[in-house]
Amino acid sequence: MKIAIIGTGNLGKSIAKGLITNNAITSLYLTKRNLDGIQEFDGYKNVFLTTDNTEAVKQSDIIIFAVQPAHFEQILNDIMPELTEKHVLISTITGFLIPKIEDIVGADKFIIRAMPNTAIAVGKSMTCLCSNEQGAKRIKIAEAIFNRLGHSLSIPESQMQAATVVCASGVAFWMRLIRATTQAAIQLGFDAKEAQELAMYTSEGAASLLITNGNHPEEEIDRVTTPKGCTIEGLNEMEHKGLSSSLIQGMIASFNKISNIKKEQI
Ligand SMILES: NC(=O)C1=CN([C@@H]2O[C@H](COP(=O)(O)OP(=O)(O)OC[C@H]3O[C@@H](n4cnc5c(N)ncnc54)[C@H](O)[C@@H]3O)[C@@H](O)[C@H]2O)C=CC1
Ligand SMILES: O=C(O)[C@@H]1CCC=N1
């Protein structure tokens, strides 16, 4: 696959790492206004670094956009003359809706929105996808890319805002939970490195149980909570202090912020 990433920042670099590590490219063009920050990709076979978005578009079939929302419209206008019927446009940009993209490039283009997360760098992204009517004809291509770099789910565009919070911001939320459990482990006597090891692999194991068994989390909790034991004591104390409630409220706040980002663009 001939892929270009327009805007190789935090997410773009993560996607590039995932694509390169998983041999998912025929060629890969990475663009950025200043190439200093992406020199780590220099020298990889069939990977090209450039500040020229139109050149990257001309040389590629699949164009993944990973710029900040405020920069997207101008970039679409700039590359518009180079777009042909071969191009599949994949936007990872938060809050930038398909009708707005169609207004700029035309509804006849294959337009897909993808919401991956930074775990794409290690082939573990949960990526949600949606498309315009034309893009539905190419959604299999997007699924092939993102399934190779984790797991994907096609959803209506109306759910993309929620998917952004749960999956994309979700990495940051989970990191805080892992950091907090690490801090507790240190207080309980482990050194910092061991504490993080315990927290990371325990959270991986918990998620793997659900993925492998398909159970509800409470079923797995029931297997751990010995009556009158230490687990239920700890869990109930966490809930008295608002663990579930604060997570839910934080995610709703995050969701509401995306609506404001959209308004800021208008
Ligand atoms: N960071 C994340 O975990 C996720 C981010 N997103 C979305 O992805 C987009 C990018 O986010 P980040 O990577 O965090 O931002 P970032 O600021 O790290 O990366 C954006 C990159 O675009 C480059 N850029 C700006 N104008 C350009 C132009 N005209 N031509 C080429 N490159 C240009 C910037 O130099 C920068 O390196 C945002 O719209 C964000 O909402 C979506 C899912 C996850
Ligand atoms: O924080 C943000 O706005 C972007 C979107 C999801 C992850 N990073």
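Each Cβ is built from the backbone N, Cα and C atoms, and glycine gets one as well.
Secondary structure at I6 (NADP(+) binding site), taken from DSSP and collapsed to helix, strand or coil, is strand. The local packing around I6 (NADP(+) binding site), expressed as other Cβ atoms within 10 Å of its Cβ over all shown chains, amounts to 26. The annotation NADP(+) binding site is assigned in TrEMBL to I6, G7, T8, G9, N10, L11, A66, V67, Q68, P69.
According to TrEMBL, the feature NADPH binding site maps to N53. Every protein chain shown contributes to the tally, and the Cβ of N53 (NADPH binding site) ends up with 23 other Cβ atoms within 10 Å.
The domain 'Pyrroline-5-carboxylate reductase catalytic N-terminal' annotation in TrEMBL covers 2-93.
According to TrEMBL, the feature domain 'Pyrroline-5-carboxylate reductase dimerisation' maps to 157-259.
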Position of peak Cβ density within 10 Å, selected from the binding-site residues T8, N10, Q68:
T8
Pop the Cα-Cα gap between N53 (NADPH binding site) and I6 (NADP(+) binding site) into the table, whole Å please.
7
Express the distance between the Cα positions of T8 (NADP(+) binding site) and N53 (NADPH binding site) as a whole number of Å.
11
